[in-house]
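One structure below.
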Amino acid sequence: MMTATRVKERSLLGLRGLDATEISAILDRAAYWDKHTEKVSSVLASRFVSNMFFENSTRTRFSFEMAEKRLGAQVLNFTAAASSVEKGESIYDTVRTLESMGIDAGVIRLKPSGVLAQLSEKVSIPLINAGDGNNEHPTQALLDLYTMLKTFGEIKGLTVSIIGDIMHSRVARSNLWGLTKMGAKVQFCAPENMKAPELMEHAPYVTIDEALKADVVMMLRVQLERHASGMLQSAEEYRRQFGLTEERAAKLDSHTVIMHPAPVNRNVEIDDAVVESAKSLIFPQMSNGVPVRMAVIERAIR
Amino acid sequence: MMTATRVKERSLLGLRGLDATEISAILDRAAYWDKHTEKVSSVLASRFVSNMFFENSTRTRFSFEMAEKRLGAQVLNFTAAASSVEKGESIYDTVRTLESMGIDAGVIRLKPSGVLAQLSEKVSIPLINAGDGNNEHPTQALLDLYTMLKTFGEIKGLTVSIIGDIMHSRVARSNLWGLTKMGAKVQFCAPENMKAPELMEHAPYVTIDEALKADVVMMLRVQLERHASGMLQSAEEYRRQFGLTEERAAKLDSHTVIMHPAPVNRNVEIDDAVVESAKSLIFPQMSNGVPVRMAVIERAIR
Amino acid sequence: MMTATRVKERSLLGLRGLDATEISAILDRAAYWDKHTEKVSSVLASRFVSNMFFENSTRTRFSFEMAEKRLGAQVLNFTAAASSVEKGESIYDTVRTLESMGIDAGVIRLKPSGVLAQLSEKVSIPLINAGDGNNEHPTQALLDLYTMLKTFGEIKGLTVSIIGDIMHSRVARSNLWGLTKMGAKVQFCAPENMKAPELMEHAPYVTIDEALKADVVMMLRVQLERHASGMLQSAEEYRRQFGLTEERAAKLDSHTVIMHPAPVNRNVEIDDAVVESAKSLIFPQMSNGVPVRMAVIERAIR
């Protein structure tokens with residue numbers, strides 16, 4: 001049995017709580033796995049990891065499952081849709097149940113913000129945050145950092161513009177904490193009603209034209225369902241004001257790269273041709289997610 | 001190919017059909033797996049087990065999957081929600097299909113009572129009942145028995161009170177059969193309209209105050225949806241009359257333990273603080289489910 | 001990285017694009033796996049196969065998963081119901097995502113016809129068609145061919161009647177292409193409004209009485225939901241006119257066998273007693289699906 005402190009050190013709840021040395025150690029280990037030729041290792045043979053997704057996500061669950069299997073771990077998938085969560089079972093009880101059954105670590109994604117932090121106080125296995133509300137999505141930010149590191153050789157000194165619905169974005173937050181700790185400069189660009197007031201002190205808001213002058217232009221996914229709530233005028237209007245259109249992409253400096261956490265709304269926040277262009281690192285980001293998550297899971301239970 | 005008799009001997013449809021020797025053999029083997037230090041064995045390497053859940057249950061499916069993987073088996077999960085059952089495929093045809101494809105055993109959970117017994121006559125692989133209607137849930141009762149055995153050293157002579165909706169409970173029935181065969185005394189406590197008339201000859205109904213005087217107090221989950229049908233007045237009223245409140249728990253004898261098949265409705269049939277109290281064996285029950293199910297699956301196909 | 005040509009050669013989009021030599025090679029390899037006594041091989045150890053089902057199918061997904069696991073591959077299951085496809089993620093983006101994450105081959109089932117062909121131009125991993133719209137379902141036809149080969153020793157010269165909703169059937173189309181290439185004679189039998197005009201030049205339509213005079217009588221599943229659209233009068237009327245009733249089955253020649261891709265609508269297109277009769281190869285077809293799919297997957301990525 002690990003001590004409570006040890007468990008917490010091995011959990012990954014967010015990047016806000018890590019320091020640059022810890023982040024660098026994860027990125028170094030990701031580089032190790034990235035170069036590893038053997039597709040399935042036996043590092044975690046006989047260890048059980050459970051992917052507990054109380055909020056659906058094909059992409060993220062798949063990336064974690066791939067990482068777990070490449071480490072040789074046994075994988076148990078749980079999704080709320082196919083579960084008894086509907087009949088009143090709380091997230092806490094589910095996690096405690098899986099813990100009681102003997103899993104060694106849990107990857108967890110959930111809608112409400114703040115629940116994960118409470119949860120981690122109550123269980124004695126390491127938890128890995130796969131996205132919690134609008135709070136953090138640390139493995140996404142780590143794969144973004146790793147992608148920048150591979151592209152530019154160093155994160156320190158980069159200027160990264162994050163464009164879109166900052167207020168509701170856990171990806172923006174995790175990138176903000178991770179990038180600033182690693183010495184990059186972050187700037188946001190968002191519609192007035194999608195700015196996050198509490199982040200103002202950490203990164204400036206700039207216009208779309210200023211945002212395009214950066215080493216990395218990171219577009220966020222638009223939640224089209226916000227249109228219903230009146231927060232979004234229309235997809236067309238959003239694209240016109242904040243979208244990375246072909247016209248805007250053509251104006252980017254030759255060394256500037258484009259990132260997006262995916263899935264993309266093609267021709268809303270980013271044009272179809274831009275997604276597939278040479279400047280786009282969107283598919284490499286997905287590839288990089290696997291070694292990054294291998295490093296995070298290995299750190300949790302090796 | 002196993003003979004039909006051999007297949008039936010290896011199936012586990014319920015505890016009503018087992019004798020004390022067979023139950024003891026399973027509990028002994030569970031103890032073996034419980035002490036086994038190697039997390040993944042190769043006992044069932046190259047054998048295929050399918051979890052066929054025509055009724056959802058995170059907890060039970062997970063426990064079986066964990067048990068199967070710890071035995072080294074290949075696991076194929078089937079849940080009705082993600083299947084073609086809706087387009088008219090019968091349970092029988094699904095099971096025959098999976099059998100034709102070469103699975104070595106099937107773990108099956110289904111809503112209608114009686115279907116499983118018919119099914120077992122028609123297929124030639126061992127079937128393990130993971131809950132069928134209100135008939136039986138034998139692995140739950142076996143893990144309950146195993147938990148009592150670990151706690152008291154012996155099942156014979158124990159008094160076990162089962163409290164709640166006896167009429168609709170497969171857990172109550174499987175425990176009744178298993179416990180009486182092993183020499184324990186079972187007593188029920190239930191609201192008038194939740195008593196099972198056909199079980200009256202096997203166990204007496206007692207008041208809640210009498211029920212609390214026992215070695216084991218086993219609370220059943222309230223089906224809150226019964227409120228809609230008028231069977232249940234209200235959660236508050238149920239708690240007042242039959243719930244294991246903190247007040248009632250405080251009156252229990254020092255050696256008395258509390259059990260519940262979970263998932264619990266906290267503060268309905270059992271108070272939140274009682275679930276987490278030292279007398280509660282609810283989380284150990286979950287842990288014990290894994291070695292018990294390992295024993296049951298191994299018995300089916302080793 | 002395989003060349004684009006090599007990837008295409010290893011994909012299996014349909015039987016229309018294969019020649020008799022290629023089909024024979026797959027059937028030969030299926031026979032090898034069928035006789036293979038070791039249940040789990042290590043041929044594809046460390047290779048990742050993803051089952052991407054954008055349309056539900058228990059039977060087909062299970063058969064592929066069994067085949068993949070028997071080859072020792074790592075399996076990642078994706079079903080649209082448990083995915084983010086609903087939130088606007090396109091099929092293309094999902095496949096590209098999984099490809100980026102490092103899968104070695106994808107088994108794909110989808111509703112729209114024609115999408116798979118486009119998709120295969122854009123990705124660089126082999127794709128295996130597990131059913132696309134009403135276009136093709138090549139592994140079903142291959143297992144049908146393999147079943148006929150096992151039964152008759154040769155496919156050449158057989159007369160095969162395919163009875164039912166030809167217009168909407170990918171099974172009929174794949175069987176037509178596969179069987180004619182292998183030298184069998186195909187004839188169709190269908191209600192007037194379920195004939196496929198574009199197939200008229202490849203196989204004649206015959207009456208139900210003529211259709212019963214064949215070596216193989218292959219019944220297709222009726223889509224009962226077509227009743228709502230007025231295409232189907234009633235299940236009873238369909239059975240009377242086109243169903244393989246006990247009466248009709250009794251008139252079949254002694255050497256004639258009955259096939260059905262399943263799942264069956266018992267007592268609609270085929271009587272319950274006929275499904276279970278000695279002439280029925282329905283359950284052997286399911287068994288044969290596993291070695292056939294092993295051959296197809298092995299061909300894709302070995």
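For all residues, glycine too, the Cβ spot is worked out from N, Cα and C.
Note that the structure is predicted; figures quoted are calculated from it, not measured.
Annotation source TrEMBL lists carbamoyl phosphate binding site at C:ARG59, C:THR60, C:ARG109, C:HIS137, C:GLN140, C:ALA262, C:PRO263. Annotation for C:ARG109 (carbamoyl phosphate binding site): spatial neighbours C:MET52, C:PHE53, C:PHE54, C:GLU55, C:SER57, C:THR60, C:ARG61, C:ASN129, C:ALA130, C:GLY131, C:ASP132, criterion Cβ-Cβ under 8 Å with sequence separation of six or more. In this structure, C:ARG109 (carbamoyl phosphate binding site) is part of a beta strand by DSSP.
Taken from TrEMBL, the feature L-aspartate binding site covers C:LYS87, C:ARG170, C:ARG221. There are 21 other Cβ atoms within 10 Å of the Cβ belonging to C:ARG221 (L-aspartate binding site). Mapped onto three states, the DSSP output places C:ARG221 (L-aspartate binding site) in coil.
The annotation domain 'Aspartate/ornithine carbamoyltransferase carbamoyl-P binding' is assigned in TrEMBL to C:10-149.
In the domain 'Aspartate/ornithine carbamoyltransferase Asp/Orn-binding' (C:156-297), the DSSP tally of helix, strand and coil residues is 59 helix, 22 strand, 61 coil. The annotation domain 'Aspartate/ornithine carbamoyltransferase Asp/Orn-binding' is assigned in TrEMBL to C:156-297.
Here the domain 'Aspartate/ornithine carbamoyltransferase carbamoyl-P binding' (C:10-149) is broken down by DSSP into helix, strand and coil counts: 66 helix, 26 strand, 48 coil. Inclusion criterion for the binding-site residues C:ARG59, C:HIS137, C:ALA262: a C-alpha placed within 10 angstroms of the C-alpha of C:ARG221 (L-aspartate binding site); this criterion is met by C:ALA262.
Between C:HIS137 (carbamoyl phosphate binding site) and C:ARG170 (L-aspartate binding site), the C-alpha separation comes to 5 Å. Among the residues the record lists as binding carbamoyl phosphate, namely C:ARG59, C:THR60, C:ARG109, C:HIS137, C:GLN140, C:ALA262, C:PRO263, the two farthest apart have Cα atoms separated by 16 Å. In sequence order, C:SER57, C:SER63, C:ALA130, C:GLY131, C:VAL171, C:PRO261 are the residues of the same chain, not among C:ARG59, C:THR60, C:ARG109, C:HIS137, C:GLN140, C:ALA262, C:PRO263, whose CB sits within 8 A of the CB centroid for the carbamoyl phosphate site.
Under 8 Å, Cβ to Cβ, and six or more positions away along its own chain, C:PRO263 (carbamoyl phosphate binding site) finds C:ARG59, C:ARG221.
The Cβ of C:ALA262 (carbamoyl phosphate binding site) has 22 other Cβ atoms within 10 Å, all protein chains considered. Applying an under-8 Å Cβ distance to chain B, the binding-site residues C:ARG59, C:ARG109, C:ALA262, C:PRO263 reduce to C:ARG59, C:ALA262, C:PRO263. Counting other Cβ atoms within 10 Å of each Cβ, the lowest count among the binding-site residues C:THR60, C:GLN140 belongs to C:THR60.
C:GLN140 (carbamoyl phosphate binding site) and C:ARG170 (L-aspartate binding site) have their C-alpha atoms 9 Å apart, to the nearest angstrom.
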